[in-house]
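S.K.: From Swiss-Prot, here are the annotated features:
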- 27-47: transmembrane segment (TRANSMEM)
- 76-96: transmembrane segment (TRANSMEM)
- 100-120: transmembrane segment (TRANSMEM)
- 135-155: transmembrane segment (TRANSMEM)
- 185-205: transmembrane segment (TRANSMEM)
- 218-238: transmembrane segment (TRANSMEM)
- 255-275: transmembrane segment (TRANSMEM)
- 283-303: transmembrane segment (TRANSMEM)
- 307-327: transmembrane segment (TRANSMEM)
- 356-376: transmembrane segment (TRANSMEM)
Amino acid sequence: MLYWLLYEKAFLLHNFTPFRIFRYLTFRTAFASLTALFMGLIIGPAVVRRLREFQIGQYIREEGPKSHQKKSGTPTMGGVLITIAIIVPTLLWADLSNKFVWIAMLATIAFGAIGFTDDYLKVANRRNLGLTARAKMGLQILVAILVAISLVLVQRHGHYNTHLIVPFIKSFHPDLEISKLATYPHIWIIAYIPFLAFVAIVLVGSSNAVNLTDGLDGLAIGCTVIAAGALTVLTYVSGHAQFADYLGLSRMPEVGELSIFCGAMVGSAIGFLWYNAHPAEVFMGDVGSLALGGAIGTVAVIIKQELLLPFIGGVFVLEALSVILQVGSYKLRKKRIFKMAPLHHHFELLGWSESKIIVRFWIASLVFALFALTTLKLR
């Protein structure tokens, strides 16, 4: 909105030179991040106070670590603040004629809405019973497929492609489109079934991985700051012709605007961390974790870095993998691999303090993200 008012109107139409700075992506990304940060810091106390007034408190599972019982009643659904602090700065600073920006924002809102419904039912029932696992998964798959269809429609207008970029293999770009079917006017969507399925796996996986990581004060949101920061770099270089050519990335000029969305995600996450740091004053709830996971996954799909996402969000992947291994091992062998899953609970039961686990997982997340960025030059 500010981009449209101050650059396209004030500068391009009336040649008001000071507003020329709004054409620069780095400037708008930085200010989107700052806007999101200060929105979180300023609005945060009012949100926490209102959540307390409405008695929207977190229900703690009895089978979880005993040390968590003291957190019962801590305000939850703070993810509403995160989502607002991402969307509003993006609307202010991004070029709203960009299709990818809208896809990312709407995906974030949609995944957040699923989480909001789940949180609301838990609070209303005064128990840890929200949406059924089947309903939750079904809604996530639906949103993911809608995101994929949106990208297919963009692709059919020549602004996107369904190829995979494989890390470390520069010349191998498999296409997830069945090209022979894509030319048929009435059944063309069938040609994109592999792409739809792949996007569904990425988005459902990323949203649930962040959700599983959100078990300790500041853990998930701190890892999100790092992952979103890495995505900010990737979106910028993917949209910059010279950087993209130098690093061997797909040149996609329009995805550069997503760096504003990612910058807003970084600022929003830091602002929320101010109140979510141990001991937490508020929890993000599913409304926050699903929105953030959906946003991260959507951006990765748009910029063709889906296969790099497991490194960008390495801690999220380890947390999700620990649950899969634990459940699989117990069903097949009646034995548990970890003392408790997700992984952070395992370390709690080993005697690590909550603060130590959080900081060490942040460090691991930073190492993963830096490794992901270094792979750009290893292709």
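Note that Cβ sites are derived from N, Cα and C of the backbone, with glycine treated the same way.
How buried are the listed features, and what sits near them?
M.R.: Within the chain carrying the transmembrane segment (76-96), a Cβ under 8 angstroms from the stretch's Cβ atoms is held by residues 1-4, 28-29, 31-33, 35-37, 39-40, 43-44, 47-48, 51, 56-58, 102, 105, 108-109, 112, 115-116, 119-120, 123, 221, 257, 260-261, 264-265, 267-269, 271-272, 275-276, 282-292, 295, all 6 or more beyond its ends.
Away from its own ends, the transmembrane segment (100-120) comes close to residues 76-77, 79-80, 83, 86-87, 90-91, 94, 130-131, 136, 139-140, 143, 146-147, 150-151, 154, 203, 207, 211, 254-255, 257-258, 260-261, 285-295, 298-299, 302 of its chain (Cβ-Cβ under 8 Å, at least six residues beyond either end).
Within the chain, the transmembrane segment (218-238) has long-range Cβ neighbours (under 8 A, six or more residues past its boundaries) at 25-26, 29, 82, 210, 244, 247, 249-252, 255-256, 258-259, 261-263, 265-266, 269-270, 272-273, 276-278, 280, 284, 288-289, 292, 296, 299-300, 303-305, 308, 312-313, 315-316, 344, 357-358, 361-362, 365-366, 369, 372-373, 376.
Among residues of the same chain six or more beyond the transmembrane segment (283-303), those with a C-beta under 8 A of the stretch's C-beta atoms are 58, 74-80, 82-83, 86, 100, 103-104, 107-116, 118-119, 130, 140, 143, 147-148, 151, 160, 199, 202-203, 205-211, 213-214, 220-221, 224, 227-228, 231, 234-235, 238, 252, 255, 258, 261-262, 265, 269, 272, 276, 309, 312-313, 316.
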S.K.: Do the transmembrane segment (27-47) and the transmembrane segment (307-327) come together with 3 or more C-beta pairs under 8 Å, pairs six or more apart in sequence?
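M.R.: When sequence-distant Cβ pairs are counted, the transmembrane segment (307-327) does not touch the transmembrane segment (27-47), since fewer than 3 lie under 8 Å.
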S.K.: At a threshold of under 8 Å on Cβ distances, which of 185-205, 307-327, 356-376 pairs most often with the transmembrane segment (135-155)?
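M.R.: If we count Cβ pairs closer than 8 Å to the transmembrane segment (135-155), 185-205 scores highest.
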